[in-house]
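See below for the structure under consideration.
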Amino acid sequence: MTSAISTAEPKPEDIQKTKELEKSLEPFNVFEAEEELNHRMEILAKLNTLVKQWVRDVSIAKNMPEAMAEKLGGKIYTFGSYRLGVHHKGADIDALCVAPRNIERADYFGSFFELLKQQPEVTECRAVEEAFVPVIKMNFDGIEIDLLFARLALKEIPDNFDLRDDILLKNLDQKSVRSLNGCRVTDEILRLVPNIDNFRLALRTIKLWAKRHGIYSNSLGYFGGVSWAMLVARTCQLYPNAVAATLVHKFFLVFSRWKWPQPVLLKQPDNVNLGFQVWDPRVNVQDRFHLMPIITPAYPQQNSTFNVSSSTRKVMLMEFTRGMQITDDIMMGKQLWEKLFEAPSFFYRYRHFIVLLVTSSNADDHLEWCGLVESKIRYLIQNLERNQHINLAHVNPKCYEQHEQNSATTLNGADGKPTPFCSLWFIGLEFERSENLNVDLTESIQSFTDSVHKHAVHIKLLKDGMKIEARHVRRKQLTQYLDPNLLKRERKISDSYTQSSSTAGGGNSNGSASPADAGSRKRKSGDLAASLTSPIAASPAGNNGSASKKRRNDSFDGASNSSFCSITSMTTGQSTEPQHIEGNDVNTPTITAVSNTATTQSGATLTTTSARTASPRNDEGDESTTAPSSSAEEPPSSAGMLDEENCSFDPSTSAANSNGNPHSTSNSNNGSANDSSNGNSSAPAAPAAEVACS
């Protein structure tokens with residue numbers, strides 16, 4: 001572990017910038033009123049009383065004397081954003097129910113679940129017992145609560161019980177250890193930061209920035225709440241006396257130059273050996289493939305970012321770099337803090353998209369179905385990344401509802417009528433630049449739908465009306481799926497980025513492309529009339545050293561909208577000859593969709609069809625799939641911790657075939673084409689005063 005980079009006290013201008021920062025956060029509802037905070041405390045007190053009553057009643061039912069049952073206790077602990085003190089208005093509460101050894105997990109998902117449903121304040125109560133970390137989800141008097149369960153090997157649970165003692169984990173089952181980990185990690189983070197108030201304000205800022213920029217979602221392969229908290233906590237350790245404004249600026253300085261996959265650690269690993277697997281790439285082969293490891297400080301140490309893929313890594317690195325540029329301007333007085341929270345344009349970054357349409361026949365089914373699909377989307381991203389012609393698959397974490405004007409594009413139920421509940425996810429695609437490029441997405445999409453199908457059948461949660469369809473669409477077809485007003489706003493944002501980058505002398509619509517990038521683009525597109533730039537491809541200099549896949553012909557240049565994709569649609573019995581719909585530009589990709597069908601155990605069908613878009617000139621082949629549902633999640637890799645500086649593991653030699661990407665193919669013929677996709681980068685060297693951040 002490195003010591004602090006700077007222990008300098010804040011200057012008056014730093015304090016003033018912090019006041020301005022706090023004021024700029026107010027319109028985004030990141031602070032809760034005192035009345036709302038008290039309401040949360042009342043809810044938790046009621047839940048705690050309910051747990052004690054339930055433990056007592058179950059114990060008496062198991063023939064324990066009433067006097068002994070009264071002393072057993074039981075307690076509700078909180079973790080996550082609420083425990084850290086950075087929850088926003090209307091946020092949910094992550095909580096843990098801790099029970100003594102005579103209470104079984106079956107009791108929790110049986111009698112306690114029924115007790116909760118009987119409470120007048122409780123609505124939308126559902127149990128997800130099959131999840132990697134089993135949970136009961138509910139709405140308690142207007143507040144969403146995710147309640148985990150842990151059974152300790154203790155006779156009683158007193159009110160002042162501390163969960164930080166590692167010995168508590170001895171002889172516990174894996175599910176209880178996972179459930180306890182949230183509270184233990186949160187408490188350890190708060191213990192390790194030098195100034196909690198500064199930490200909280202900086203974390204509120206970074207969380208808002210991450211959400212506004214679409215990089216806040218653990219399940220989709222971005223960083224989740226605990227990962228952002230640990231990055232901010234590490235920044236606080238490196239600048240222990242800095243106020244929030246300085247911490248936010250230094251946050252972008254440190255992590256835009258971090259030498260990933262070097263792990264981020266808050267403390268030296270504890271010398272504990274209770275038999276649980278910890279994150280250690282020297283021992284565990286699978287840990288060597290993690291792209292941006294951030295290691296939890298509590299035993300058993302885990303990598304909280306195991307879901308990160310090469311595409312999500314690229315997107316986050318680009319946002320880190322851009323955040324550094326903006327905060328530089330803010331600290332120099334050239335910009336206001338509001339600039340940091342401006343949401344970038346997603347739908348005008350790319351020319352091609354995959355849209356996932358998820359439909360159900362009722363609200364409860366739809367909630368469950370969307371939860372499953374969202375937990376699986378990262379597998380589709382990994383499948384797309386294996387395609388040597390795809391440089392980037394950028395998933396937008398926002399789930400959009402079907403716009404009422406566009407109901408014609410939704411899926412139909414068994415009765416032929418549009419299903420009432422339809423949600424959409426969008427994935428922006430960036431292709432390599434090549435002549436006569438033919439891209440077949442059938443295998444990638446079919447593999448994804450097969451995975452969803454098999455998992456749903458395995459846990460037997462498929463219900464009638466649950467469908468999923470994956471379609472390829474071009475940018476100009478987005479009006480069939482989204483509110484036109486939303487697209488108009490996105491276009492304005494994209495135009496403003498283009499103008500600002502032009503003023504700054506950059507060629508990127510996000511203002512982050514370097515002259516070297518522009519030169520590389522021109523060399524690769526000399527046969528084009530205009531050079532197209534890619535806002536998402538911009539990353540710190542030296543990003544994997546590959547020039548072959550840096551810039552793509554499908555990227556938006558902020559002005560030209562003339563290059564489109566030709567589509568080849570193939571179904572059984574159809575000719576496989578490409579159908580060029582718009583133009584014959586040899587530099588645009590041809591996308592192929594092939595029909596496949598499978599049948600579930602319940603009689604529902606899993607299909608990949610080549611549906612046509614109702615447009616005079618856009619006779620495109622769309623890939624659609626129908627799949628069953630579930631709400632369970634696959635387990636992540638095991639976790640642990642290494643010293644940041646003294647780690648003997650060399651990430652650069654750990655996976656020669658995949659270049660550090662666990663999801664890339666090992667085919668040597670595809671190696672050079674996939675180099676840029678894995679997102680590995682050699683970050684530029686920091687100034688001498690900042691190098692110690694690693």
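Backbone N, Cα and C atoms are what each Cβ position is placed from, and that goes for glycine too.
Note: TrEMBL annotation is automatic and uncurated.
Keep in mind that what you see is a predicted model, and the values were worked out from it rather than measured.
If you look up TrEMBL, you'll see D92, D94 marked as Mg(2+) 1 binding site. Marked as Mg(2+) 2 binding site by TrEMBL: D92, D94, D146. For 537-547, 597-615, 624-639, 666-694, the entry in TrEMBL reads compositional bias 'Low complexity'. According to TrEMBL, the feature compositional bias 'Polar residues' maps to 558-578, 585-596, 649-665. Positions annotated as domain 'Poly(A) polymerase nucleotidyltransferase' by TrEMBL: 1-193. What TrEMBL lists as domain 'Poly(A) polymerase RNA-binding' is 345-407, 408-491. Residues or ranges marked as region 'Disordered' by TrEMBL: 494-694.
The residues of the domain 'Poly(A) polymerase RNA-binding' (408-491), classed with DSSP into helix (H, G, I), strand (E, B) and coil, number 34 helix, 24 strand, 26 coil. You'll find the Cα of D92 (Mg(2+) 1 binding site) roughly 8 Å from the Cα of D146 (Mg(2+) 2 binding site).
Residue environment of D92 (Mg(2+) 1 binding site) contains 15 other Cβ atoms, counted within 10 Å of its Cβ in all protein chains.
The Mg(2+) 2 site, placed at the center of the C-beta atoms of D92, D94, D146, has further neighbours from the same chain whose C-beta lies within 8 angstroms: G80, Y82, I93, A95, K137, E144, I145, L147. For D94 (Mg(2+) 1 binding site), the number of other Cβ atoms no farther than 10 Å from its own Cβ, over all displayed protein chains, is 24. Cβ neighbour count for D146 (Mg(2+) 2 binding site) (all protein chains, 10 Å cutoff from its Cβ): 18.
Straight-line distance linking the Cα atoms of D94 (Mg(2+) 1 binding site) and D146 (Mg(2+) 2 binding site), rounded to a whole number, equals 5 Å.
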